[in-house]
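What TrEMBL records for Gly23, Leu24, Asp25, Asn26, Ala27, Gly28, Lys29, Thr30, Gly69, Asn125, Lys126, Gln127, Asp128 is GTP binding site. The feature Mg(2+) binding site is assigned by TrEMBL to Thr30, Thr47.
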Amino acid sequence: MGQLIAKLMRIFGSQEHKVIIVGLDNAGKTTILYQFLTNEAVHTCSTIGSNVEEIVLQKTHFLMWDLGGQETLRSTWDTYYSNAEFVILVIDSTDRNRLLTTREELYKMLAHEALRDASVLIFANKQDVKDSMTTAEISQVLTLSAIKDHPWQIQGCCALTGEGLPAGLQWMKSQATTK
Ligand code: G3D
Ligand code: MG
């Protein structure tokens, strides 16, 4: 019965894919979530706990959890991991000093059992800022090419204008259909 319902839901395209949005505080996670939802920049406050919204792209439903990124909140990320099919890692491309901290958080997540089958989309955000790091630089520091056990994609973007976000979502949609 459960299987039948799951099959029907897939046919009618209403299967929901759980997504967690992670990254250090100030990376632009909340701005990205609300840009997905409203197609405009909204004023954000520092996230304490989480925001959750449903985003629908051509019949594919994503339930997106935007998690607080401050150091004290990062230890709670793993409580959101179960059943997550996607991780969106948001990077502030102007924040050279903390890219190694992001790297540490990324590899900790990838090693987590609950995320074994998760696909990872990395948004190199704030590409509008002069002298921000390019996706190539970020890929190199994060040694993305060494990640063989998770599908991953890096995408430059600007959450304020939304540039680059649709391409990231399309990649997620293409991954969702292969799951
Ligand atoms: P977080 O949820 O990851 O902590 P927020 O980050 O979404 O709250 O964004 C943190 C700050 O970065 C916000 O500025 C927001 O406007 C800004 N920001 C987000 N995305 C971009 C971007 O693509 N380009 C630029 N230039 N700024 C961005 P404030 O000033 O409100 O703190
Ligand atoms: Mg936030």
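The backbone N, Cα and C atoms fix where each Cβ goes, and this holds for glycine too.
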Taking only the residues the record lists as binding GTP, namely Gly23, Leu24, Asp25, Asn26, Ala27, Gly28, Lys29, Thr30, Gly69, Asn125, Lys126, Gln127, Asp128, what is the largest Cα to Cα distance between any two of them, in Å to the nearest whole number? 22
Quick note, Gly69 (GTP binding site): same-chain residues at least 6 apart with CB under 8 Å of its CB -> Val22, Gly23, Leu24, Asp25, Asn26, Ala27, Lys29, Thr47
What's the CA to CA span in angstrom from Asp128 (GTP binding site) over to Thr30 (Mg(2+) binding site)? 17
Please list, in sequence order, those binding-site residues from Asp25, Ala27, Lys126 with the Cβ less than 6 Å from ligand 2. none
Name the secondary structure element type, per DSSP in three states, that contains Thr47 (Mg(2+) binding site). coil
Rounded distance in angstrom between the Cα atoms of Lys126 (GTP binding site) and Thr30 (Mg(2+) binding site): 13
Taking every protein chain in this structure into account, which of the binding-site residues Lys29, Lys126 has the most other Cβ atoms within 10 Å of its Cβ? Lys29
DSSP three-state assignment (helix, strand or coil) for Thr30 (Mg(2+) binding site): helix
